[in-house]
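Feature annotations, courtesy of Swiss-Prot:
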ACT_SITE  Cys390  active site, nucleophile
BINDING   Ser19, Leu20, Gly21, Lys22, Gly23, Ile24, Asp76  ATP binding site
BINDING   Tyr59, Gly363, Leu391, Gly392, Met393, Gln394, Glu414, Arg471  L-glutamine binding site
BINDING   Asp76, Glu146  Mg(2+) binding site
DOMAIN    299-543  domain 'Glutamine amidotransferase type-1'
Amino acid sequence: MARPKNVKHIFVTGGVISSLGKGILSASLGMLLKSRGLKVAIQKYDPYINVDPGTMSPYQHGEVYVTDDGAETDLDLGHYERFLDEATSQASNLTMGRVYKSVIDKERSGEYLGGTVQVVPHVIDEIKDRMAELAKNGNLDVLITEIGGTIGDIESLPFLEAMRQMKLEMGERNLLNIHLTFVPYIKAACELKTKPTQHSVKMLLETGIQPDILVCRSEKPLSREIKNKVGHFCNVNELDVIGLNDCDTIYEVPLMLLKEKLDLRVMKKLGLKKFREPNLEYWRDFCNKVLHPTEGEVTIGVCGKYTEYPDAYKSILEAFIHAGASNNVRVTIKLLRAEDAEAGSFDFKKEMQGVSGVLVAPGFGDRGIEGKISFIRYAREQNIPFFGICLGMQCATIEFARNVCGLHDANSTEFNKRTRFPVIDLMEQQKKVKEKGGTMRLGSYPCIIKEGSKAYDIYKKFLINERHRHRFEFNNTYRSALEEQGMVFSGTSPNGELVEIIELKDHRWFVGVQFHPELKSRVQQVHPLFHGFVAAAKEYEKGSRQMELTVDMPSFMPVENEPAQ
């Protein structure tokens, strides 16, 4: 595949340790370049052999981020969208598994004309062709590619070799490498240590790549002497050693990099003309609202199955930051482990003291389901603002059917195939699907909102498009029974068959959605559902918290279903 001309490439690599923030660095740099008038896109290359992260455990991978076109991708794409305010796509995330699968498929179909298929050139050429895929669409000025993993990992070597070859082919004015490293602060010596960075650069040099710019993560700011030392030992100009010390919120990172002039150094090295001066007043204002809210604090209880690993709910947590800023309050998250409410000893009155809203998060499988249902019942009966997302909406339906409509065995066929009242059931088009990977209802779908509903008050329009990731849906057989008891089906697919939004008539704020609104919340455009939920929690905190909670939650009594796993 011919590579598009005039597109400048920036590759972001990482060294010393993982989780330094390559995704935040890539997103921040992209935002700065966009603010100067350049057209920017970002993509993530992951070295694992999975074709995509769709079947990976949240404990290993964290959140699976779904794009409009239905790709199941790395959570870093969420950062790209939130910082750039640009949609990503299937082409924005490539795994080594997808590369190998493509090469093997081509070999099986005879595309290599009987040749011996090898890492060099076939796998490397496949990577380079994929790198050009995003560049050829969208009339780009700059394409930023984040390479996952840490320098020294054997899995990342093909990506690094592809980058090395591309730099040789394209020239230094068209491709540069930004290497993110770690400069630890040793408290006993009161000193920043540069040796790990030196060794990381040495390992990068062994692959044939000389970094053009070093970004050094550290606990404390880097002095000029430290920058000079790093530059001297790593063969990098002192001006190209960028300090990035710890900050209170990731949204401060673009402002820190602007102060360090990273964007100007990148533009100079790539021969980009000096575009307009960036106007980041809106970003500074957002950071100020995040760090210094003027209207108090609300606590939101987030009930989930993977609360030991908050990255499983990354977009939800970020959406609450956006909604907090838009409501001028600090949102404190209290993670609620669903299984705790199944043990029979969970003290709702004590543990939920001070909680002004309950969100039941997405997930899969029957572990913790009865606990989620208990939290939903508590929020419904205590009139606490409630928000259910995907599985959270399905659990809210089950709880309402059991405890309000008298369908005591109500359940989802995902958890109990023999339930007498399958209020949640497998979608018809999913019943013949055998494979797991990439086969759910994925991506953006339209939803029609009912006039006069809370959902309409929130969105203020009839037609919306939201992203989905599910196999199960509300069973329309039970729609009338639930409507008679006060449930409102306020959002459906255009043909009216698939329930997208539920709410309760006689509750201050009780909304469940089949889709994932957290995936579309951004700094400049907070998602209306999160804004509305936090606003309701803020109102609850101000007023209803003064009232005594008079109804005690009964001890947890599991429904006679299949044993929980």
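In case you wondered, yes, glycine gets a Cβ from its N, Cα and C as well.
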Taking the Cα atoms as reference points, how far is Arg471 (L-glutamine binding site) from Gly23 (ATP binding site) in Å? 30
Quick check on the binding-site residues: of Gly21, Gly23, Gly363, Gly392, whose CB has the lowest count of neighbouring CB atoms inside 10 Å? Gly21
Around the Cβ of Asp76 (ATP binding site), how many other Cβ atoms lie within 10 Å? Please give the count over every shown protein chain. 26
Taking the mean position of the Cβ atoms of Ser19, Leu20, Gly21, Lys22, Gly23, Ile24, Asp76 as the ATP site, which residues outside that list, in the same chain, have a Cβ no more than 8 Å away, listed in sequence order? Gly14, Leu25, Ser26, His79, Glu146, Leu180
Counting Cβ atoms within 10 Å of each Cβ, the densest environment among the binding-site residues Ser19, Gln394 belongs to Gln394
Pairwise CA distances across Ser19, Leu20, Gly21, Lys22, Gly23, Ile24, Asp76 (listed as binding ATP) top out, in Å, at 12
Running the binding-site residues Tyr59, Glu146, Glu414 through a 10 angstrom C-alpha radius around Asp76 (ATP binding site) leaves Glu146
Quick one: mean pLDDT on the domain 'Glutamine amidotransferase type-1' (299-543)? 94
Taking every pair from Tyr59, Gly363, Leu391, Gly392, Met393, Gln394, Glu414, Arg471, which the record gives as binding L-glutamine, the longest CA to CA distance in angstrom is 22
Looking only at the binding-site residues Tyr59, Glu146, Leu391, Gly392, Glu414, Ser19 (ATP binding site) has its closest CA neighbour at Glu146
Measuring CB to CB from the residue listed as 'active site, nucleophile', give everything in the same chain under 8 Å that is also at least six residues away in sequence. Pro362, Gly363, Arg469, His470, Val513, Gln514, Phe515, His516
